[in-house]
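Record features, source TrEMBL:
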- GLU77: active site, proton donor/acceptor (ACT_SITE)
- CYS109: active site, acyl-thioester intermediate (ACT_SITE)
- HIS231: active site, proton donor/acceptor (ACT_SITE)
- ASP29, TYR141, LYS240, ASN273: (3S)-3-hydroxy-3-methylglutaryl-CoA binding site (BINDING)
- 2-163: domain 'Hydroxymethylglutaryl-coenzyme A synthase N-terminal' (DOMAIN)
- 175-245: domain 'Hydroxymethylglutaryl-coenzyme A synthase C-terminal' (DOMAIN)
- 257-350: domain 'Hydroxymethylglutaryl-coenzyme A synthase C-terminal' (DOMAIN)
Amino acid sequence: MDIGIDKIGFYTPKKYIDIVELAKARNVDPDKFTIGIGQSKQSVPMEYQDSVTMAAEAANQIISKDDNIGLVIVGTESSVDESKAVATFLVDLLNLPEDVRAFEIKEACYGATAGLKMAEGFVALNPDKKALVIASDIARYGINTPGEVTQGAGAVAMLIGKDPKILKFNHEEVYMTKNVGDFWRPTFSKTAFARGKFSNQVYVEFFSELWQKYQNTFDQTVDDFQTMLFHVPYTKMGMKALKTLKDKIDPDKFDELSKHYQASIEMGREVGNLYTGSLYLALISYLINGDPKDNEKILLFSYGSGAVGELYSATIQPEFKKNLVSEEIKEVLSNREKISIKEYENIFAEDPQNGYSTNVSDVLDEFYLREIKESERLYKKMEH
Ligand code: CAA
């Protein structure tokens, strides 16, 4: 049975900062941020937004009443509660039936890939049902930290089913886990701790080791793929991994992979790091901005600090354009407003506590945090 992504949706907040302005505010040469790191804009979530509201926005773009969803998984490292899963809020906000399994997965930026693999197994056992897997995160390092330029926010929602219309999973996958201290966020902290340069190194080492393992396991080479997609914490990062192949493969092949990589990072450049959604935004970006061929075989590299990596192959389905909500996705990116660095710093400092309530007239989105009452977060969908 063919199983994979039938639909895919995307959301990022409606406010952003310009990376050149950020560089100037931090007394950094703008080329470092735009070329050295490879970012142009960075999404800034509003006070009423979090992993729940963004997940709801992305899922709302693709689901319908007839989907027969039996499983909802949210992969996130910016959860709102130590106990209650983001996915349980969604059942209510998205009017999903109660006969679903709903829970959350955490392993840094690997969470959504873990969710997809579980969803694949679920559909194999329940071919008449679909699974909704959502990656939703706010990447926060802090004002004036080395990681600040690699922040971002957003969500990618994927509907997994049999006979998928967008991407078929090939069941060719290799994975590995090592206890590594490259990046972490303790429960007391709203911002991440990173050994930045070390994290770059571990990311590249994971890719190299997995690529070797993949080739040995499946007796395939780079010529079996037209495209490699990467987890993109900032757009230069995937290129560091891809470049490890440069002197080992035909130059024309490397050029082809580099060209496709450029198409895959166009959107990430505009929003920043989505953590667990970044790889899947690269997929969306490639499908919309690249020139993918029917039945093109692609390789996806998922990396979650801590660390877990997975390299797996998938095939683009002939009818992918019909099921891809390209116009809605493009609108998410074009329908945004630039804010100043000062405004961003003010928003960043906000920290809604017990007793907080949102002024509904300030809400620009469909889903929002309504209030925090008795330390419980209560969400709402905008009434039209
Ligand atoms: N013009 C052009 N390029 C310039 C430049 C200029 N004026 N000045 C510097 N650069 C280049 C540097 O040469 C460097 O390029 P290379 O990486 O190719 O060597 C690049 O800009 C960055 O410069 P630095 O290494 O000096 O930058 P930094 O010390 O400020 O840190 C960072 C960069 C480590 C990525 C930091 O932003 C960070 O810690 N980010 C968060 C951690 C992260 O994203 N890690 C990625 C792997 S882990 C992961 O993937 C999980 C996840 O999502 C977090």
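Residue numbers in this text run from 1 along the chain shown.
Note: Cβ is positioned from N, Cα and C throughout, glycine not excepted.
Keep in mind the model is a prediction, meaning the values are calculated, not measured.
Put simply, HIS231 is the one of the active-site residues GLU77, CYS109, HIS231 whose Cα lies nearest to the Cα of ASP29 ((3S)-3-hydroxy-3-methylglutaryl-CoA binding site). Ligand 1 lies under 6 Å from the Cβ of ASP29, CYS109, out of the recorded positions ASP29, GLU77, CYS109, LYS240. Look at HIS231 (active site, proton donor/acceptor): DSSP puts it in coil. The sparsest Cβ neighbourhood within 10 Å, among the listed recorded positions (HIS231, LYS240), is found at LYS240. Across the domain 'Hydroxymethylglutaryl-coenzyme A synthase C-terminal' (257-350), DSSP classifies residues as 52 helix, 20 strand, 22 coil. When Cα-Cα distances from LYS240 ((3S)-3-hydroxy-3-methylglutaryl-CoA binding site) are compared across the active-site residues GLU77, CYS109, HIS231, the shortest belongs to HIS231. Comparing local CB density within 10 A for the recorded positions ASP29, GLU77, TYR141, ASN273, the maximum falls on ASN273.
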